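Working notes, beginning with the structure itself.
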C-alpha cells in the first residue's frame, strides 16, 4: 500500500543517507539540512510524481488546520465550475484526471464533486482536536488515491479561478500582486486560457508547478508557503516565501526542496522555536 507521504524520519539521518559524498553539492545540501534541523526534527518524504508540490502543501495545510478557510465558506463555492463554464467556453477543454471504468459526466459536475470533497475533508480534519488523531486522519486521506487525486483537481481548478480573477482585475486597472504580471508575461500563458492549456492541464500529468505557479497556489489557498530551498543555501533565497509579502493573518506551511521540483515536508518543530 503506497503511502503518499512517508512516515517521519530524523532530518539529519535522512540527510546522511541521501548526501554521502564530498562534492560541493553534497556539502551544500548537508549545510542546508543542518539549518533546517535547527527548526525541525523530522522530515516526511512526499511521493515524487508531478503532483508533489500540491501534495506537500495540502498535506501541511490540513495537518495544522483548525478551521475552514473563509474562501471555503462562501455560498457559491460549489457552484464555481458552473459559473465559470457559463462565462468561459474554453474551460470545456479542462483536462480531468483519468477515471477508470466509468464514463465521464459533465465537466462541471465532476469538478463540483471535487470541490465538495475538498470542503468536506477540510472541515472534518479541522474539527479534530487531538494532534495525534488529526495526523492519523491526514495520513488516512493521503492513502486513498481516488480521493487524494480528486483534491488536487479541485486545487488546480481553484488556481484557474484565481488566475482569471487576477487577470480581469489587472485589465480593469486594479492593483494586482507582482507575480500576476509575471504569470501572464510568459509566452506560454499570456491569458488564463493559455495558462490552462499550457500549464494547469499538465500539472500532475507531464509537469509539476513552476516557481510562479507556487505564488498562484499560495494566493489561491490564502496560505503563506515557506520553502527551504537547499540548493540556494547561503544566499538570500535559501528561505523563500510565496507570496513574498504575505497577508499577516494567513497561516504558514513549510516545505523543503533540493531543486525546486520535488518537495518534502519538515515536521516536529523544535521546542525552542515554538516559543
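Here the Cβ of each residue, glycine as well, is placed from N, Cα and C on the backbone.
TrEMBL lists 49, 262 with the feature active site. Residues annotated as active site, nucleophile in TrEMBL: 52. Positions annotated as site 'Linear diubiquitin binding' by TrEMBL: 237.
Neighbour density for the residue listed as 'active site, nucleophile': within 10 A of its CB lie 23 other CB atoms from the protein chains shown.
Under 8 Å, Cβ to Cβ, and six or more positions away along its own chain, residue 237 (site 'Linear diubiquitin binding') finds 229. Cα to Cα, residue 49 (active site) and residue 262 (active site) are separated by 8 Å. A sphere of 10 angstroms centred on the C-beta of residue 262 (active site) encloses 18 other C-beta atoms. For residue 52 (active site, nucleophile) paired with residue 262 (active site), the C-alpha to C-alpha distance reads 6 Å.
All chains included, 13 other C-beta atoms sit within 10 angstroms of the C-beta of residue 49 (active site).
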